[in-house]
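TrEMBL has this to say about the protein:
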REPEAT    1-23  repeat 'ANK'
REPEAT    24-56  repeat 'ANK'
REPEAT    57-89  repeat 'ANK'
REPEAT    90-115  repeat 'ANK'
Amino acid sequence: MNGHREIVDLLIKHGAAVDAHNYNGQTVLHLAVERGHKEVIGLLLHHQAAVDVRDNYTDTPLHKAARNGHYDIVDLLVNYGAAVDGRNRFLSTPLHFAAEKGHHKTLDLLIKRGA
């Protein structure tokens with residue numbers, strides 16, 4: 001995925017499922033978040049992509065955004081209703097990942113948003 005918003009938009013307009021997932025249970029939203037493609041993420045959320053969907057590792061897109069320190073994406077996901085305190089199978093929350101990786105700005109945002 002290279003973050004081509006126009007192509008993603010065209011695919012959705014022609015019936016592509018916004019919550020389709022790969023063999024790891026990762027949806028398009030998981031992959032866009034992991035790679036930091038904010039415009040694609042906004043488009044997917046606009047088309048009702050499931051914001052708290054879990055992959056096979058039980059990570060949500062917010063877990064991935066926090067792990068990677070994508071502050072703006074964390075903010076966007078939370079604005080679309082992402083649960084700030086969701087735990088994965090290891091009982092880790094997005095807050096754990098932000099703290100572990102030293103993403104202070106993201107950590108502060110999650111705390112301000114209720115984590």
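Every residue gets a Cβ built from N, Cα and C, even glycine.
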Message = Quick test of the contact rule: Cβ under 8 Å, at least six residues beyond the ends. What residues does that give for the repeat 'ANK' (24-56)?
response = 1, 3-5, 8-9, 12, 18, 62, 64-65, 68, 70, 72-73, 76-77, 80-83, 86, 88
Remark   = Residue counts for the repeat 'ANK' (90-115) under DSSP, helix then strand then coil, are 17 helix, 0 strand, 9 coil
Ask   = According to DSSP, how is the repeat 'ANK' (57-89) divided among helix, strand and coil residues?
value = 16 helix, 0 strand, 17 coil
Query = Over the repeat 'ANK' (57-89), what does the predicted model average in pLDDT?
reply = 98
